[in-house]
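What follows is a short report on a single structure.
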Amino acid sequence: MVNVVLGSQWGDEGKGKLVDLLVSKYDIVARSAGGNNAGHTIVVGGIKYDFHMLPSGLVNPNCQNLIGNGVVIHVPSFFGELEQLEAKGLRDARGRLFISSRAHLVFDFHQRTDKLRELELSGKSKDGKNIGTTGKGIGPTYSTKASRSGLRVHHLVSEQPEAWAEFETKYRRLLETRQQRYGPFEHDAEEELARYRRYREELRPFVVDSVVFMHNAIQQKKKILVEGANALMLDIDFGTYPYVTSSSTGIGGVLTGLGIPPRCIDEIYGVVKAYTTRVGEGPFPTEQLNEAGDKLQTIGAEYGVTTGRKRRCGWLDLVVLKYSTLINGFTSLNITKLDVLDTFKEIKVGISYSLNGKKLDLFPEDLLVLSKVDVEYVTLPGWDEDITKISRYEDLPENAKSYLKFIEDFVGVPVEWVGTGPGRESMLHKEVS
């Protein structure tokens, strides 16, 4: 059994909390895409654990965790995050954490060129806007992967006698091409190579052939949960390109990022914030640059875990959710942070776009169109009631249930979970047929 948790908007929907809720039922939690450019916080026993690259299944002592071949890995950050989790009392993590030998490596010069590329792009754009990169080197690493010049984990940990010499040669060649592209920039290649040589032995016990790992687990009928990173609207193909990440963040990326066939997938859970947020630049049709947006930002504490950047806020966009559902094939939804809407007298929901008076059929791929659309809203009554102490779905205020029903009816997918607060206990479950 392979079930998948995916973000349906622009990230920060609260995927980690659903994974944390479900993880006790699973034998394996796997990451299939991205790197340490995304983040979420899980609270267990009053302790906050921040996850960026590592699977959040580590909070379950009985769960194995895999970083798949579709993920890109900055090794110093990998060990830094692991050590921070261990310092907070997370035990036996090293024996339950595995890395695909086919995953690509992020180097410090990738991070440097990430920032140089951002400056270059913002200088060339007419409006001076940035893509909004986190500066973690993710994009440049996927770029070298696509150009077939990147280095993978197996290149680093190989025990073949000529392996290190070949690694060093490829590293220098890769650095040289980056410096030719962006001009000479300060980088201590000898220090980084020496550091990675030390990492070889420390990293080796974590490394597995992830294809063998996954297919053995499937044949043994292990229960596997795939933890998506980012969200569909940041997908390299289906997101608001170019204001996207550099990987496939939808269901397609799960298959290629773990090496499993579509027939292995059972359930696909779409995580949806009860309103909409995004970090960085790019069109955002339902954004509210007004009191409502400020209120959502303040009550929702909308700051990024990875970057600390303030998130832009707006009303729930059902055009986005329907588009995301079409591509990902969600079988049920988790609506998060419903409690943030508790004090709103009225709540707006975007249900369609139009341009020059003509209604659009679906979410447009052209950002020149997207930036000009008019949004049609439906106004629903609020519930003006604190729902954070409610423990059963049936006890939600009628207007809150009506809000959720409106979402279900619009996208044609049942809501199975509802988040009503930050704690792991603040998640209501609704039976779905």
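For all residues, glycine too, the Cβ spot is worked out from N, Cα and C.
So that you can see what the record holds, here are the features copied from Swiss-Prot:
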- ASP12: active site, proton acceptor (ACT_SITE)
- HIS40: active site, proton donor (ACT_SITE)
- 11-17, 39-41, ARG311, 337-339, 419-421: GTP binding site (BINDING)
- ASP12, GLU13, GLY14, LYS15, ASN37, ALA38, GLY39, HIS40, THR134, ARG148, ASN230, THR245, ARG309: IMP binding site (BINDING)
- ASP12, GLY39: Mg(2+) binding site (BINDING)
- VAL305, THR306, THR307, GLY308, ARG309, LYS310, ARG311: substrate binding site (BINDING)
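Known features from Swiss-Prot, placed on the structure.
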residue	record	DSSP (3 states)
GLY11	GTP binding site	coil
LYS17	GTP binding site	helix
GLY39	IMP binding site	coil
THR134	IMP binding site	coil
ASN230	IMP binding site	coil
ARG311	substrate binding site	coil
LEU338	GTP binding site	helix
Exercise. With H, G and I counted as helix, E and B as strand and the rest as coil, say where DSSP puts THR420 (GTP binding site).
Key: coil
Practice problem: Starting from each candidate's C-beta and looking 10 angstroms out, tell me which of the recorded positions LYS17, HIS40, ARG309, LYS310, ARG311 has the most other C-beta atoms. | Solution: LYS17
Quiz item: Across the record's IMP-binding residues ASP12, GLU13, GLY14, LYS15, ASN37, ALA38, GLY39, HIS40, THR134, ARG148, ASN230, THR245, ARG309, the largest CA-CA distance in angstrom?
Solution: 34
Quiz item: In sequence order, which residues at least six apart in the same chain have a CB under 8 Å from the CB of THR420 (GTP binding site)?
Solution: LEU338, ASP339, ILE387, THR388, ILE390, SER426, MET427, LEU428
Self-check item: Of THR41, THR134 (the binding-site residues), the residue whose Cβ has the fewest other Cβ atoms within 10 Å
Solution: THR41
Quiz item: Per 10 Å Cβ neighbour count, which of the binding-site residues GLY11, GLY14, GLY308 ranks highest?
Solution: GLY11
Quiz prompt | Integer Cα-Cα distance in angstrom, THR41 (GTP binding site) to THR134 (IMP binding site) | solution = 18
Quiz item: Of the binding-site residues listed here (GLY14, GLY308, ARG311), which is spatially closest to ASN37 (IMP binding site) when Cα positions are compared?
Solution: GLY308
Quiz prompt | ASN230 (IMP binding site) to GLY308 (substrate binding site) - Cα separation in whole Å | solution = 16
Quiz prompt | Cα-Cα distance linking GLY39 (IMP binding site) and ARG311 (substrate binding site), given in Å to the nearest integer | solution = 14
